[in-house]
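Engineer: Pasting the relevant annotations from TrEMBL:
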- 81, 82, 83, 84, 85, 86, 87, 88: ATP binding site (BINDING)
- 9-129: domain 'Kinesin motor' (DOMAIN)
């Protein structure tokens, strides 16, 4: 079958950042229908991650990609959004978190502040691709 006939050739995940102090409530929400804005509902969303838990974001977004990668499929993870929306935080974590000291302090576990990309790299180094 062609790639268009394969189940889920493209998976869309959305991460909604937590409300920042002093900021306006978002005009986007997630419910059982998908992701809704003021004018449209996007139903093709596979995962919606809310809040700031990096482990939850990794498990929902990257873990399925790693499983597909291990099955021999090519995988791409793309972060898209407006400036300041949290792309870098999701992909790498907060500034200054990617240090050997944070890894040592975690006693062999993944540091809780690390984003998706360093978690993927650490998983591949620990358990192979």
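Glycine residues also receive a Cβ, built from the backbone N, Cα and C atoms like all the rest.
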Engineer: How does the domain 'Kinesin motor' (9-129) divide up by DSSP, counting helix, then strand, then coil residues?
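Structural biologist: Reading the DSSP string over the domain 'Kinesin motor' (9-129) gives 41 helix, 19 strand, 61 coil.
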Engineer: Over the domain 'Kinesin motor' (9-129), what does the predicted model average in pLDDT?
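Structural biologist: Summarising the domain 'Kinesin motor' (9-129) by its mean pLDDT gives 87.
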Engineer: Relative to the Cβ position of residue 86 (ATP binding site), how many further Cβ atoms are located within 10 Å?
Structural biologist: 17
Engineer: Around residue 81 (ATP binding site), how many other C-beta atoms are within 10 angstroms of its C-beta?
Structural biologist: 12
Engineer: Around the Cβ of residue 82 (ATP binding site), how many other Cβ atoms lie within 10 Å? Please give the count over every shown protein chain.
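Structural biologist: Neighbour count, Cβ to Cβ under the 10 Å cut-off: 7.
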